[in-house]
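Chemist: Dropping the structure in here first, questions after.
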C-alpha cells in the first residue's frame with residue numbers, strides 16, 4: 001500500500017515526471033529465495049520486445065527498476081544477476097554488506113549498524129559482551145565486521161560469538177542459552193531476524209540480569225514485546241530503522257475497497273486484507289462457510305471503525321524506506337528525462353536502462369518529513385538510526401520508547417535515555433559497585449552494592465592494569481606471573497653455583513702459582529701474563545652473575561660491558577702469550593735474537609691494555625648511543641610478564657661479540673702455526689686446544705640465543721660464558737697445576753732444559 005500510495009502521489013504531482021505515468025507490479029516472495037528470485041527475473045524478462053517500440057511510443061511499458069527484496073540473502077542473488085543488465089534495484093530492508101553494480105538502498109548498511117552498536121557499548125562503558133548472529137549472510141557478515149571494528153576501536157572484547165540455527169533446533173538453542181547463563185558477560189547483542197529471535201527468547205526465559213541489545217531486524221518485533229517476556233527483556237536497547245511520517249497516507253488507506261481493483265495481485269491482497277479485518281468472505285464462499293455461521297463481505301463494512309493495526313501509522317520504518325525508494329527512482333527518471341527527449345530514437349528505452357543507474361547515483365531530494373535522500377558511491381544512504389528502549393511499566397504495561405537520532409559514520413548524536421539500564425555498574429556508583437534498585441521505589445532510586453553480590457555480575461568490564469590479569473571468573477584483577485632467571489629457581493641456582501665454583505678454582509690456581517712463582521714451571525710460562533689471565537678468568541666467571549636475578553637498569557647496562565671487557569682481557573693475554581712463544585722460538589735461531597726486544601714486559605702489558613681499551617670504547621659507544629634497558633615482555637603469554645634486558649642496539653652487541661671473535665680467531669691461528677714447536681711443555685698446543693673450545697662454544701651460542709625465549713636466552717648466554725671460561729681454565733692451567741702438585745720432579749730447570757734438548 002505504501003508503494004501504491006507513493007506512485008499515485010507521484011502521478012498526481014504536476015511538477016514531477018510531467019507527461020509520464022508510472023505503473024507497478026507486486027510480487028510476493030513468500031519468504032522463499034526461489035520465488036523472490038523468479039519474480040525479479042519475471043519483471044526483467046521480455047525486454048527485447050519492449051525495446052522494439054514505434055515512433056509513437058506504443059508498446060508494453062518497460063520495467064525500469066525494482067524495489068526490494070526483503071532479505072539480504074535474496075538481495076545478493078537478485079542483484080548479482082540483474083546487475084549484469086544494469087537494471088537498478090532499490091532495497092528498503094536489505095542491509096547486507098557488499099557493492100553491486102546497480103544496487104541501491106534506503107536503509108543504512110550493516111557496517112554502520114555495527115559501528116552504532118559499538119558506540120552504544122562505549123557510551124555505557126560495557127567492554128565485555130556476547131554476540132549472537134543469524135546463520136545467513138546478514139549475521140555472518142556482521143560477525144566478521146564486528147570483530148574487526150571492535151578490535152580497532154579498543155572498546156572491549158567478545159566473551160563469545162554464537163550462530164543461531166535457522167531450524168530452531170532445541171538442543172542447539174539449549175547449548176547457546178547455557179553458554180549465556182554461565183558466561184560472565186551480562187551484555188548480549190543479537191543480530192538476527194525475528195523468526196530466530198523468538199525461539200531464542202522463549203528458551204532464555206527465567207534468565208534475569210541480562211542486558212539485551214537488538215539489531216534492527218527484531219528490535220520492533222511485537223511478538224517479543226509481551227507481558228510474559230518483558231520481565232526478562234525489559235530494558236532492551238535496540239537499533240531501529242529511521243521512523244518517518246507520510247502525509248496523506250491515512251486518507252489513502254481509508255479509500256481502500258475491494259471493489260475498486262481488478263482481480264490481480266494487488267486486488268487479491270486487498271480482498272485478503274478485507275476478509276481478515278472484517279471476518280467475512282467474498283462470494284462465492286467456500287463450502288460450509290455459511291453453514292458454520294460465517295458472513296459474506298458486502299462492501300458496506302466501515303474500515304475506519306475496524307479494530308486493526310493497519311491504520312496505525314505512528315511507527316513507519318520499513319514502510320517509510322519503501323516510500324523513499326519509489327521516489328528515488330522517480331527523481332532519477334525525472335533528471336534523466338530532462339537531458340534526453342522522450343522517443344528521440346527507437347532505442348531510447350535501452351538508453352534509459354543504461355543511464356538510469358547513473359542518475360540514481362546523483363539523486364538528491366528531501367522528503368516531506370525532512371530527510372535528505374542521496375546515495376554514495378556504494379549505493380548507501382546517509383546512515384540514520386533510531387534507538388529504542390523496551391520499558392516495563394509498574395502497571396504491567398509495555399512501552400517502547402523511541403528516540404529519533406542521526407548516526408554519522410562515527411558518532412551517535414542522540415540516545416534514548418541518559419540513565420543506564422538496570423543492573424549496570426554506573427559512574428554514579430564507586431568502582432566495583434553497581435546500582436541496586438530499592439524495592440517499591442521508582443527506578444531512579446537506587447543503592448550502590450558490590451558487583452559480586454546477588455546473582456548478577458556486573459555488566460561493566462574494567463581493563464586490568466598492565467601488571468595484572470583477570471581471574472578465571474573475570475571478577476577481579478590478579479597479579480600476572482613474573483618470569484626471569486632467578487637465584488631461587490633450580491636453573492638459576494645451578495648456574496650461580498657453577499659460576500662461584502669457577503671463581504673459586506681460579507682463586508686456588510692463582511694461589512698455587514703465587515706460592516710456586518719461583519719454580520721453573522711458573523717462570524717459564526710468563527708468570528705475569530699467567531697471573532693477569534687468571535684474574536681475567538675470575539672476572540669472566542663473576543660477570544655471569546649479572547645475568548641472574550631481576551633485571552635492573554644498572555645490571556642490564558653492566559652485564560654486557562663486563563662480559564665483553566673481561567673476555568677481551570682474557571683473550572688478549574692468550575694472544576700475547578702466543579706471540580711471545582713464537583718470538584722465543586724465532587730468537588733461538590741464528591740471527592733471531594733482535595725480535596725479543598719487541599716482546600718485553602712493557603710491550604706485553606701495553607699490547608693487552610690497547611686491545612682491551614678498544615673493547616672498552618665499543619662498550620662506551622654502545623651504552624651512550626642505545627643502552628640496554630630492562631623490559632616487561634608480554635608477547636610470549638598474555639598472563640605472564642617476562643622481565644628481560646633488551647640489547648638496545650643489535651649492532652653494538654654484534655660488534656662486541658665480533659671483536660672478541662676476531663681476537664680469538666687470531667689467537668687460534670697463531671697457536672695452530674706454533675703447535676709443533678720444540679718445547680718441553682708445548683704451550684702452543686694447549687692454547688690451540690683452548691681456543692678451539694672457545695670458538696666452538698660461541699659459534700653454537702648465536703643460534704641458541706636467538707631461538708631461546710625469555711629467561712632461557714639469559715641462561716644460554718650464562719652457559720656459554722661458563723663453558724668457555726672453564727675450557728680456557730682447564731686447557732691452559734690444568735696440565736701446569738698437575739705437574740706443580742703431583743710431578744714436582746718435572747718442575748725443575750734441569751728437567752725442563754734436558755727434555756727440551758732431547759726433544760729438539
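Glycine residues also receive a Cβ, built from the backbone N, Cα and C atoms like all the rest.
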Chemist: If you look at how TrEMBL annotates this chain, which of 459-479, 606-626 comes out as transmembrane segment?
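Modeler: That would be 606-626, the stretch labelled transmembrane segment in TrEMBL.
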Chemist: Among the recorded stretches 561-585, 606-626, 686-706, 718-741, which has the greatest number of Cβ pairs closer than 8 Å to the transmembrane segment (529-549)?
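Modeler: Ranked by Cβ pairs under 8 Å, first place goes to 561-585.
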Chemist: Of the listed stretches 606-626, 686-706, 718-741, which one has the most C-beta pairs under 8 A with the transmembrane segment (561-585)?
Modeler: 606-626
Chemist: For the transmembrane segment (686-706), could you work out the same-chain residues 6 or more beyond its ends whose Cβ comes under 8 Å from its Cβ atoms?
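Modeler: Distant Cβ neighbours of the transmembrane segment (686-706) are 571, 574, 577-578, 581, 657, 660-661, 664-665, 667-668, 671-672, 675, 713, 716-717, 720, 723-724, 727-728, 731-732, 735.
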